[in-house]
Every structure is written in C-alpha cells, then in structure tokens.
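Q: I am attaching a structure below and will ask some questions about it afterwards.
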C-alpha cells in the first residue's frame with residue numbers, strides 16, 4: 001500500500017494511517033496543544049532565570065539547558081507534526097527525504113539534550129545535598145558547568161548524523177522485511193539501553209537524596225527544589241521537619257513517576273520489538289508521544305515546588321505584584337508568602 005507506507009515514513013509518530021481522518025485530526029490537535037503549552041512554559045522558565053538574579057543557580061543553568069532543548073521539540077518539531085497530520089497521505093511535500101532528515105534532526109537534538117539535562121540536574125542536586133559544600137564548589141565551578149552543558153549538545157550533535165534511523169521511529173514499522181530493518185532494530189535497542197541506563201542513574205541520585213534528607217534533619221530544608229543560593233547551608237529556621245520531609249519525598253516521587261511514565265514505555269516497546277516481535281503500531285506511536293510530551297512537562301516538573309520561581313512568575317504576570325514588588329517578601333510579605 002504505497003500511500004500508507006509513505007505516510008508512515010514521512011510522519012513517524014502519526015503511524016495510524018489506517019484510521020480515519022478524525023484520528024489524524026485528533027493527533028494533530030494534541031500536537032498543537034503540546035506545542036503551544038510547551039513553548040510558553042519553556043520560554044517562561046528561561047526568561048525568569050535570566051531576569052531574576054536569585055534564580056541564576058547552577059541547578060537552574062541545567063534546567064535552562066533542558067528548556068532550550070525542549071524548545072527544539074515543542075516550538076520547531078511539534079508544529080510540523082500537527083500540520084502534517086492534516087495533509088492528505090499522498091501529498092508531495094511529505095516525500096522529501098531532506099525534509100524528513102531535518103525533522104528527525106530537530107527531534108533527535110532536542111530529546112538527547114533534554115534527557116542529558118535531566119541527569120545533570122539530578123546529579124547536581126545529589127552532590128549538593130549528599131556531599132560536603134567544598135566538594136560541590138570544586139565540582140560546579142562556572143567553567144565546569146559550562147563544559148557539562150557543552151558536552152550535552154556535542155553528544156547530541158554527534159548522535160543525530162551518525163544514527164539517523166534512531167530518530168525516525170516510523171521507518172522500522174512500515175516494512176519489516178526490508179534489509180534496513182535490522183539496522184533500525186539495533187538503533188532502537190541502542191536508544192532503549194541508553195534511556196534505561198540514564199533512568200537508573202537518575203533514580204539512584206534522587207533515592208540517595210531522599211535517604212539523606214530522611215537521615216539528616218539539618219538538611220531537610222534544602223529539598224524544596226529552589227536549591228541553595230549560597231553555601232554553606234542557610235541558617236534560617238526550617239519548617240516542621242516531619243511535614244517538610246513528607247513534602248520533599250512527594251516532590252521526588254512525583255518527579256520520578258512522571259519521568260518513568262514518559263520514558264519507560266518506549267524502552268520496553270523497543271526491547272519487545274528487538275527480542276520478541278514488534279509491538280502494534282499504535283503502541284509504538286503512543287510510546288514516542290509520551291517521550292516527546294516530556295518536553296512540554298519538564299518546565300513545570302522542575303519549578304512547581306520552587307517558591308522563588310512562583311514569586312518571580314507572579315511578578316511578571318499581569319495580575320502579579322509587578323517587578324518593583326519582588327524584593328518585598330523579605331519584610332512584611334515574607335510570612336504570608338511562606
């Protein structure tokens with residue numbers, strides 16, 4: 001069925017070419033919603049970090065790096081998927097190999113740097129909370145932080161041209177008997193193992209944070225996820241320890257659950273396709289869609305528990321207090337905001 005195969009190959013996540021036009025329209029609307037919400041949230045986080053000095057921490061530098069990568073997916077790649085879902089399957093614009101390569105490059109670049117940024121944030125918080133302040137200061141100097149961010153982009157730029165099939169998930173599903181299917185299966189296996197290893201390291205970091213917070217009362221106040229602005233740890237009186245421990249554990253658990261929900265379906269679908277038999281196209285499409293939806297959720301995932309981010313956001317929103325009122329929480333407004 002030539003029209004179907006060309007549709008699947010040119011639009012890797014819109015694999016349901018046998019379904020009605022209503023299904024493709026629904027997927028296009030879903031991509032449009034994710035594109036708009038993800039673009040606005042990522043741009044907002046980047047703007048707040050660059051506009052407010054209190055937010056310019058090492059951890060937030062890694063978060064901004066992830067937001068910049070997520071913009072490649074939300075602002076550049078998702079809108080194209082939304083438009084392609086509304087085009088007829090035999091449209092000539094869908095047959096261009098160069099255009100497919102460009103879209104695959106945007107997706108691969110954004111997802112690789114975004115996943116690397118997740119790990120950089122987790123490791124930064126792990127070192128901050130579980131190691132001595134001198135160790136943190138020595139490891140996260142400005143130059144070292146810049147090198148870590150640069151390496152994440154260098155890795156992505158290296159993988160995208162070397163493994164083009166890695167970011168075209170529809171190519172392996174449209175024609176299994178092809179000779180190229182073996183290469184696509186191995187690249188899918190490589191992707192699954194890479195994400196699985198990254199997930200194991202991320203969980204190790206956050207579970208280590210939870211263990212340290214539960215075992216050290218004087219560091220409980222750290223895990224409110226608006227990480228320290230100075231070292232050693234501030235001497236301000238912490239909130240009630242049991243309640244703070246509970247909130248901190250819930251924050252870590254929610255972050256880990258959302259990350260696992262977004263990444264693990266693709267991992268196990270890829271492993272299933274390599275060792276047993278390919279999963280149904282709808283399941284493969286859903287697993288890739290969940291992974292890409294992380295690009296829209298990441299800004300909220302890392303900032304919703306931060307009082308500093310909430311204050312900064314209120315100061316720039318139309319109904320906020322205005323930029324001039326930002327320093328006020330240190331005086332009379334402090335207890336109310338807390």
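Even glycines carry a Cβ here, placed using N, Cα and C.
Copying in the features that TrEMBL gives for the protein in this structure:
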DOMAIN    41-302  domain 'G-protein coupled receptors family 1 profile'
REGION    319-338  region 'Disordered'
TRANSMEM  25-50  transmembrane segment
TRANSMEM  62-80  transmembrane segment
TRANSMEM  100-123  transmembrane segment
TRANSMEM  144-167  transmembrane segment
TRANSMEM  187-209  transmembrane segment
TRANSMEM  250-276  transmembrane segment
TRANSMEM  282-304  transmembrane segment
Q: Counting only CB pairs under 8 A, let me know which of 25-50, 100-123, 282-304 has the most with the transmembrane segment (187-209).
A: 100-123
Q: Using a Cβ distance cut-off of under 8 Å, indicate which of 62-80, 250-276, 282-304 has the most pairs with the transmembrane segment (100-123).
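A: Checked against 62-80, 250-276, 282-304; highest Cβ contact count belongs to 62-80.
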Q: Using a Cβ-Cβ cut-off of under 8 Å, list the residues of the same chain that are 6+ residues beyond the ends of the transmembrane segment (250-276) and lie near it.
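A: 115, 118, 172, 185-186, 188-189, 191-192, 195-196, 199, 202-203, 206, 209-210, 223-225, 283-284, 286-288, 290-291, 293-294, 297, 301-302, 305.
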